[in-house]
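Asker: Dumping the structure here so I can ask a few things about it.
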Amino acid sequence: NISQVTEFILLGLSDTRELQVLLFTFFLLAYVMVLLGNLLIIVTVRTDPKLSSPMYFLLCNLSFIDICYTSVTSPRMLVDLLSQRKAVAFEDCIAQLFFLHFAGASEMFLLTVMAYDRYTAICKPLRYKAIMSRQVCWVLVSACWAGGFVHSIVQTLLTIQLPFCGPNTIDNYFCDVPSVIRLACTDIYITEWLMASNSGLISLACFLVLVISYTFILVTIRVRFTQGHWKALSTCGSHVMVVTLFFVPCMFIYLQPFSTFPSNKHICVIYTVFSPVMNPLIYTLRNNEVKASMWKLWKRCRV
């Protein structure tokens, strides 16, 4: 394209020095919790043969995606909070945008697959092992990554074909589609609706599939309730909390024309920081099997 902009300036979350130091401390702790919490889940699932069911296989993949997802934005944000000039090269900005949507869309698809796993476990328990075999799980996870890649490629190509020749100030703490394309020196009406249709409809479609799957689960449990159903339902409760934290802010951000609404950078904190932090807490504190396995792992490490 005919872009003349070689770098973007990020405004961040605040320009007050004292608040920046406070935010740095908070987000550093959050990032460390994401890394340690999700790595602990991965190690626990991989080392305990009892956690070999499809649910824990998918949980292990979710933890890996969370690490990738939060590592796209958090390190850069932490550096910028202590920097006077928060500049990012054009190529680096586009790369961050690509990997953010790659990991984010992959996580959306994976959360949808996890809902299907819970639906199969509760509504079709006798066929569960046949339907959710290890081969099927690998195919579903691979499809999630492939879907995230295709989504991200589309978003990136739509962005880099725009000319950037004027303002270069991004009112956010990371490079994302709504913030970047506002700076294009051309009419972006068609582009922003294409992007909103891409990101927004993916978020909405995955969310509707999740809602439908939980509706079937609740109907099934209402008809026939057993102790096994109660155990499966408890994992669904954790899943609902994760879905709410992740999908609702995404739908709010992407299901609207980008140029007609102000920056929603404070809402972005929910799905880029809080959701990855809450995932390991929700899936461990509400799951007795995972907690027991972590305790056994801790005792083995102490010996």
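The backbone N, Cα and C atoms fix where each Cβ goes, and this holds for glycine too.
No curator has checked TrEMBL annotations; they are predicted automatically.
Feature table excerpt (TrEMBL):
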TRANSMEM  21-43  transmembrane segment
DOMAIN    37-283  domain 'G-protein coupled receptors family 1 profile'
TRANSMEM  55-74  transmembrane segment
TRANSMEM  94-116  transmembrane segment
TRANSMEM  136-154  transmembrane segment
TRANSMEM  201-221  transmembrane segment
TRANSMEM  233-255  transmembrane segment
TRANSMEM  267-285  transmembrane segment
Asker: Counting a contact as 3 or more Cβ pairs under 8 Å, with residues at least 6 apart in sequence, do the transmembrane segment (55-74) and the transmembrane segment (201-221) touch?
Answerer: no
Asker: Looking at 21-43, 94-116, 136-154, 267-285, which one has the highest count of Cβ pairs under 8 angstroms to the transmembrane segment (201-221)?
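Answerer: Stretch with the highest Cβ contact count: 94-116.
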Asker: May I ask for the residues of the chain that lie six or more residues beyond the transmembrane segment (21-43) and have a Cβ under 8 Å from a Cβ within it?
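Answerer: Same-chain contacts beyond the ends: 13-14, 59-60, 63-64, 66-67, 70, 74-75, 77-78, 81-82, 273-274, 276-277, 279-281, 283-284, 290, 294, 297.
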Asker: Which residues, given as numbers and ranges, are at least 6 beyond the ends of the transmembrane segment (136-154) yet have a Cβ under 8 Å from it?
Answerer: 54, 57-58, 61, 98-99, 101-110, 113, 198-199, 202
Asker: Suppose you look only at the domain 'G-protein coupled receptors family 1 profile' (37-283); what would the mean pLDDT be?
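Answerer: The average pLDDT of the model in the domain 'G-protein coupled receptors family 1 profile' (37-283) works out to 85.
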